[in-house]
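Asks: Found this in TrEMBL, in case it helps:
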- B:39-71: domain '4Fe-4S ferredoxin-type' (DOMAIN)
- B:51, B:54, B:57, B:99: [4Fe-4S] cluster 1 binding site (BINDING)
- B:61, B:89, B:92, B:95: [4Fe-4S] cluster 2 binding site (BINDING)
- B:80-109: domain '4Fe-4S ferredoxin-type' (DOMAIN)
C-alpha cells in the first residue's frame with residue numbers, strides 16, 4: 001500500500017548519507033535539500049500537506065539557502081576538501097556513529113511503545129485545522145517561539161547596528 | 001513615488017508616438033547633394049581628367065589615405081595612379097576643399113562595404129566618373145595660363161595677353 | 001479511460017502553453033520596448049517579425065553549449081533545470097479556468113507556489129557558485145539575498161487575501177472574488193505583491209542578480225547555448241507566472257462579464273505582462289542597498305499593517 005512512502009524514505013536516507021560524506025560543502029547541502037524534499041513528500045503522503053509545504057518553504061527555501069550563501073561567502077577551496085577527506089579516515093566515525101545508533105534505538109523503542117495513531121489514516125489535515133490546533137491547545141508554544149523570534153530579531157538588530165555614529 | 005508613476009505614465013504615452021525609425025534597406029533616406037560619401041574623380045566638360053596631380057588632396061588628408069603619382073602628357077599633368085584607401089578614409093571632405101581644380105568630389109553614396117578589406121583600396125579606374133560632378137562647366141586648363149596644345153598663353157578665359165617685356169610702349 | 005487521458009492532456013497542454021507564452025513574450029517584450037521607445041523593434045522575420053521567436057529558438061539550440069573547465073560540472077548542469085522546473089511546477093496549481101487546471105484545487109496551493117519559488121532561488125545561487133567566476137558569484141549572492149527577502153514580503157502581502165478568502169487554495173480564492181475583486185479591498189497588498197513579484201523574477205528595474213553594467217551578466221555570465229536559453233525561458237515563464245498569480249489572487253482570475261473565462265484570464269495576464277515590460281522601459285535600476293532597505297523598511301511594515309487591518313476587518317465582519 002505504501003510503497004511510495006517507503007520510496008521517499010529510502011531517498012531521504014540515501015540523500016542524508018550522501019550529504020554527510022560529500023567533501024564539497026555545497027554538494028553536501030544540495031543532498032540535504034533533496035533529503036528535506038523527500039521528507040516533505042513523506043509528510044504530504046501521510047496526510048499533512050501544510051507541514052510538507054512549510055518544510056519546503058522554511059527549510060529548503062530559506063535555511064539551506066542561507067547555508068549555501070555562507071558557504072559561498074567563505075570561499076572554501078582545495079585545502080579544505082583535503083582536510084575533510086582526512087576526517088573520514090579511521091576513528092573519526094566512532095563517536096558520532098555510537099551517538100546516532102543510541103538515538104536510533106531510542107526512536108525505535110519510542111515508536112514501538114507509542115499508542116498514538118500513525119498517519120495514513122486517510123483524511124488529510126488542512127491548514128485550517130493546523131491553525132486551530134496551534135492557536136488552541138498549543139497557544140503557549142506559539143507564544144514561546146514568538147519570544148524566541150523576538151529575541152533573535154533584537155540580537156540581529158544589535159549585531160547589525162552601525163558602529164561609530166554617522167548613520 | 002509620484003515621480004516614478006509619472007515616468008511610467010509618460011513612457012506609456014510614447015506608445016502613441018510616431019516611429020522615428022527609417023526602414024533603411026527598404027526606404028532609403030534622402031541624402032543632400034553635398035553629403036560627404038564615396039569620393040570620385042571628375043572630368044572636365046571636354047571629357048579629360050580634371051586632376052592635375054598637385055598632391056594637395058594627399059597633403060590635406062588627415063588620415064593619409066590618398067596616394068598618387070604625377071605623370072605628364074603633352075604639357076598636361078595627370079595622375080599616373082591615384083589610390084584612395086577607403087578603409088582609412090574618414091569622409092571629412094578636406095580633399096574636396098583642397099582641390100584647386102574641382103577634380104576630387106564627395107558624393108551622396110555610402111553603401112560601399114566589401115567582404116575583403118583589400119577591395120576597399122580604390123584605384124583610379126574605380127574613382128573616375130565620366131561626368132563633371134557637381135561643377136558642370138569648369139575646366140582648369142580653360143582658365144589657367146598654362147600653355148597646352150591647342151591653347152597658347154593668353155588665350156584662356158579672362159586672361160590678358162602676355163606682356164612683352166622687351167617692348168617700350170605702355 | 002477518460003479519467004487518465006484528461007489529466008495528462010491538461011498537463012501536456014499547460015506545459016507547452018507556458019513554454020509558448022514564455023517564448024512569445026520574449027518577442028512581445030522586444031516589440032513593446034520598441035513601441036515605447038518610438039521604434040518598430042524586430043520586424044524582419046516573417047509577418048510582423050513573428051517568426052523571430054522561431055529564429056531565436058533555433059539560434060539557442062544550435063549554439064555551442066560550452067561548459068567552462070573551471071566550473072563545478074554537475075551543479076553547473078542542474079542549476080538552469082532547477083529554475084525552469086520550479087517555475088513550471090508553480091503553474092500546476094494556478095487555475096486557469098473553472099475546468100482547466102492541473103491541481104488548482106490543492107488545499108495548500110499558495111504555499112506550494114511559495115515553496116517552489118523558494119527552490120527557484122537555488123537555480124540562481126547555484127549557477128553563480130558553480131560558474132567559479134567572481135561576477136557570477138556576486139550575482140548569485142545578490143540573488144540569494146534579494147529573493148529570500150522579497151519572498152517574505154510576497155508571502156506576507158498575500159496573507160491578506162488568504163484571510164479574506166479563508167483558504168490557501170487558489171481556486172477558493174478565485175471563487176471568493178466573484179462579486180468583488182480583491183484588488184479593491186487589498187490594494188496595498190496587491191501593490192506589494194506585484195513589487196515583490198518583480199524582485200522575485202529579478203526583472204528590471206530589480207534585476208540586480210544580472211546587473212549588466214556592474215557585474216557582467218551576473219549569475220549566467222558563463223552560460224551559453226540552451227542552458228542560457230533555459231534561464232531565459234525561466235525568466236519569461238516567471239513573468240507569466242507572476243502575472244497569472246496577480247490575476248488569480250487580486251484581479252478575479254477568470255471572472256468577468258460576457259467573454260468566456262479563458263479569454264478573461266488571458267486578457268488580464270497579457271495586460272500584466274505588458275505592464276511588466278512597461279516597467280522595464282520606464283524605470284532605471286536603483287542601487288542594491290536601496291532595494292534592500294526599501295524592502296525591509298517600507299514593504300515589511302506596510303505588509304504587516306495590511307495583515308493587521310485585514311485581520312481586524314475580517315473579525316469585525318464575522319461579528320466576534
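Even glycines carry a Cβ here, placed using N, Cα and C.
Fair warning: this is a prediction, and the values are worked out from it, not measured in the lab.
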Asks: What is the three-state DSSP composition of the domain '4Fe-4S ferredoxin-type' (B:39-71), stated as helix, strand and coil residue counts?
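Replies: Counting residues per DSSP class in the domain '4Fe-4S ferredoxin-type' (B:39-71), I get 5 helix, 11 strand, 17 coil.
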Asks: Taking 8 Å from the centroid of the Cβ atoms of B:51, B:54, B:57, B:99 as the cut-off, which other residues in that chain fall inside it around the [4Fe-4S] cluster 1 site?
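Replies: Neighbours within 8 Å of the Cβ centroid, excluding B:51, B:54, B:57, B:99: B:52, B:53, B:55, B:56, B:95, B:98, B:100, B:101, B:103, B:104.
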Asks: Looking at the binding-site residues B:61, B:89, B:92, whose Cα is closest in space to that of residue B:99 ([4Fe-4S] cluster 1 binding site)?
Replies: B:61
Asks: Can you tell me how many other Cβ atoms are located within 10 Å of the Cβ belonging to residue B:89 ([4Fe-4S] cluster 2 binding site)?
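Replies: For residue B:89 ([4Fe-4S] cluster 2 binding site), the 10 Å Cβ neighbour count is 19.
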Asks: Relative to the mean position of the Cβ atoms of B:61, B:89, B:92, B:95, the recorded [4Fe-4S] cluster 2 site, which additional same-chain residues have Cβ within 8 Å?
Replies: B:39, B:57, B:60, B:62, B:63, B:65, B:66, B:84, B:90, B:91, B:93, B:94
Asks: Distance between residue B:61 ([4Fe-4S] cluster 2 binding site) and residue B:51 ([4Fe-4S] cluster 1 binding site) at the Cα atoms, whole Å?
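Replies: Taking the Cα atoms only, residue B:61 ([4Fe-4S] cluster 2 binding site) lies 16 Å from residue B:51 ([4Fe-4S] cluster 1 binding site).
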Asks: Find, among the binding-site residues listed as B:57, B:92, the one whose Cβ has the highest number of other Cβ atoms within 10 Å in the structure shown.
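Replies: By the 10 Å Cβ neighbour count, B:57 comes out on top.
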Asks: Between B:51, B:54, B:61, B:95, B:99, which of the binding-site residues has the fewest other CB atoms within 10 angstroms in the structure shown?
Replies: B:54
Asks: When DSSP is mapped onto helix/strand/coil, what comes out for residue B:95 ([4Fe-4S] cluster 2 binding site)?
Replies: helix
Asks: Just to verify a number: CA distance, residue B:89 ([4Fe-4S] cluster 2 binding site) to residue B:57 ([4Fe-4S] cluster 1 binding site), in angstrom, no decimals.
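Replies: Cα-Cα distance, residue B:89 ([4Fe-4S] cluster 2 binding site) to residue B:57 ([4Fe-4S] cluster 1 binding site): 12 Å.
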Asks: Can you tell me how far the Cα of residue B:57 ([4Fe-4S] cluster 1 binding site) sits from the Cα of residue B:95 ([4Fe-4S] cluster 2 binding site), in Å?
Replies: 4
Asks: Take the C-alpha atoms of residue B:51 ([4Fe-4S] cluster 1 binding site) and residue B:92 ([4Fe-4S] cluster 2 binding site) and report the distance between them in angstrom, rounded.
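Replies: Computed Cα spacing between residue B:51 ([4Fe-4S] cluster 1 binding site) and residue B:92 ([4Fe-4S] cluster 2 binding site) is 19 Å.
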Asks: How far is it from residue B:95 ([4Fe-4S] cluster 2 binding site) to residue B:54 ([4Fe-4S] cluster 1 binding site), counting Cα to Cα, in Å?
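Replies: On Cα coordinates alone, these residues lie 12 Å apart.
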